[in-house]
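A.B. asks: Quick one: the structure is below, and I'll ask about it shortly.
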Amino acid sequence: MMRLDFQRKLLSHTERVKAVDFHPTEPWVIASHYNGQVGIWNYNTQTLVRSFDINDVPIRACAFIARKNWFVCGSDDFQVRVYNYNTGEKVTQFEAHPDYIRALVVHPTQPFLLTSSDDMTIKCFNWDMSWKCVQTFEGHSRYVMSLAINPKDTNTFASSCLDGTVKVWSFGSSVANFTLQAHDRGVNYVNYYPAGDKPYLITAGDDNLIKVWDYQTKACVRILEGHTNNVSFAFFHSKFPIIISGSEDGTVKIWHTLSYSLIKSYNFSLDRAWCIAQNKDNGLVTVGFDNGLITFSLGRDEPSVTMDSSGKVVWSNYNEVMSAMIRPAKEQSDLTDGSLISLSVKELGTTELYPAVLKHSPNGRFVSVCGNGEYIVYTALAWRNKAYGKALDFAWSADSNVYGSRTSDRSIVIHKNFKESNRLDLSYSCDKIFGGFLLGVVGSDFICFYDWDTGILVRKIDVKPKGVYWNDDGRFVILACDDDFYLLGFNAEMFYSAVESGTADEEEGVADSFEALADVSESVVNGKWVAETFIYTTTAARLNYLIGDQTYKIANVESSFYLLGYIPRDDRIYLTDRDMNVVSYSFNLAIIEYQSLVLKGDLEAAQGLLEQISETDRPRLSDFLSRLGYKEAALELSGDSVQRFELALDAQRLDIASQIAQELDDPLKWRSLGDAALNAWDFVLAQECFEKGKDYGSLVLLYTATNNHEGLKELSQLTKSTKINNTAFICSWLTNQPAECVNILTSTQRYPEANLFAATYCPDEVKNVLPEWKVDLTKNQKERIADSLGDLELKN
């Protein structure tokens, strides 16, 4: 049975929804309502972006025309209306039919709008020709309920009608290519199968049935029964092998396209289901009901793709399996970090089940396919079936001849050389299994690790990881949980010794076999080990690596990209999205080896690797050394002047910092160096730095502390000439120049302070300052205050 991962993105309680559509690039859903309104919703923020009051009659059809920034809607007043969804301006309005408009479809490449109506016709309008009706399709005998353009041949389309038929048409011909007598009652919906392997149509009718048709042979392939009222729609999902149907019985049902069995039935308590739309890029689905709309996803976000160490990429498109070989980096002259890589794709074969998970064996010779409750192991080169069986989950051991399959919640079968070698019957219910050096079995809130050969419990750990990643030699393992991940060290000798001595606990395992080494507060999307370095992508859209207990950023990436792996031949990391857009980033393994040796304290051996590391990468290593406290080594390695200056300060190499400051000639750098020199009691260097950095406040402190009377006098004159009056005043005061202090206060029109200071410290200056104060008061119309001051000169 296929497992669904239902995640609700948007739920809105609204008036009856009659039509929905996705914007191809924005996170928007448009919905038209029975009350004559149209709303655009953002399913990421769950907010209404814009609302349009179109009219007061039902609007049964709407769609985005994204390449024109428009949306179009058709209603029961026979009108088609077109609006600019950015400005809210109505672009045009015209009568398309003499009766209710039931459906409309926008052609994916041509400037065509198809409409269908209760007048039993279909019309094609060309917006480049001022919305001229360029063709009318006649032949149905009742209301035409839905339209669908063939994604594999956009010159043809299908229509469904309440006369019980489905007709397939071609643009340019007014006569239907053929007619299917699809249902005993009205046909509400028609939809094309999106993949290239099957020429199928699906129909939904008022006889409560869903039917799958081969439009080449005109034969009914399968009838799906389960709804108890009129079926409003049945829809092939573009990403997963499922059919989604909705009915006036209020349910939305999910069916498997391979077995045609019912997987799941949902009732969202929104009454009758009327309409559906799908985002072809991300697989999101929106369904409209009597009482609102809901947007949701059903499958895993990760693409079904795997890559071996040579660069061979294998992925699936439904049950078709494709492959491509990534060309060596030296053959790609335009290769840059983050740029798209051109792939030469070929069809590798098909698989008998839908591959939810594809995984290369460690040696790259085999590829496992797991899905629909089964697994198949294929040879990687010829794509021949090597083994198969039941499996809810599949996991490879570090030994490519050993693998495990979870056949039920309490049973795991281990195979060796493609034959069953052991079986674990668990005392608890398990959710998932992981491969690697040990077999990881996830319970309700813990994970148990078992030895592949003996099935003995190695250790029970009280965390529930969503991902388990072993390095190649089995000494380290990452447990990736929802919000953080843990680095553990594994001591195999400790485990085997405990087993031999009989001290292994049957319920907890060997406590000392694992050691916690690091706890990192980041959410891992997926990851790979390269030697002793863990490379991973995060939910924050970053590509990072962990070495020791320190994390470092490689690049920011799109959130939709997933890690494929590292190719040593290219020294590059490769990532892909669901549409197999592959990008890469440089990752020099010599850098990692250098960092690993430094973490072990072997700086001498690390120095021997520097020849393999480019000058552009060395500043990053310099940062790494600095963070570990190796300031001198970081200084020697760095070639960036700004970085070297900071490192020289940290290493207290003031001579080197002084040379760099001379080169940079930045006042801020001089001031920083001056502070460092002051802390080192190097007053000569400090004075030079503060002078060149024009740090006059620090110079006052330095001259005062060293009793440099002449320095203060010179500083007083310098700051006075540059109008730094506070410093000039302090320097004049400290050098016992009260008259100069009065002069500074007067020049800045601080007359009250000047008179008070003069009267206190140099009375002879009052006769010069007081008249200026009085003149200033009079100028500001304060004659009474000026007259009341009296003759302070006489009093003194």
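Yeah, the Cβs are placed from backbone N, Cα and C, and that goes for glycine too.
Features from Swiss-Prot:
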REPEAT    4-42  repeat 'WD 1'
REPEAT    46-84  repeat 'WD 2'
REPEAT    88-126  repeat 'WD 3'
REPEAT    131-170  repeat 'WD 4'
REPEAT    172-214  repeat 'WD 5'
REPEAT    218-256  repeat 'WD 6'
A.B. asks: Which residues, given as numbers and ranges, are at least 6 beyond the ends of the repeat 'WD 4' (131-170) yet have a Cβ under 8 Å from it?
C.D. replies: 80, 82, 92, 94, 96, 100, 102-105, 107-110, 112-114, 116-118, 120-125, 176-192, 194, 196, 201, 203, 205-206, 213, 215, 233
A.B. asks: Average pLDDT across the repeat 'WD 3' (88-126)?
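C.D. replies: That stretch averages a pLDDT of 96.
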A.B. asks: Cβ under 8 Å, sequence separation of at least 6 from the ends of the repeat 'WD 1' (4-42): give me the contacting residues as numbers and ranges.
C.D. replies: 48-64, 66, 71, 73, 75, 83, 85, 254, 263-264, 266, 268, 270, 274-281, 284, 286-300
A.B. asks: Work out, from DSSP, the number of helix, strand and coil residues along the repeat 'WD 6' (218-256).
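C.D. replies: The counts are 0 helix, 25 strand, 14 coil.
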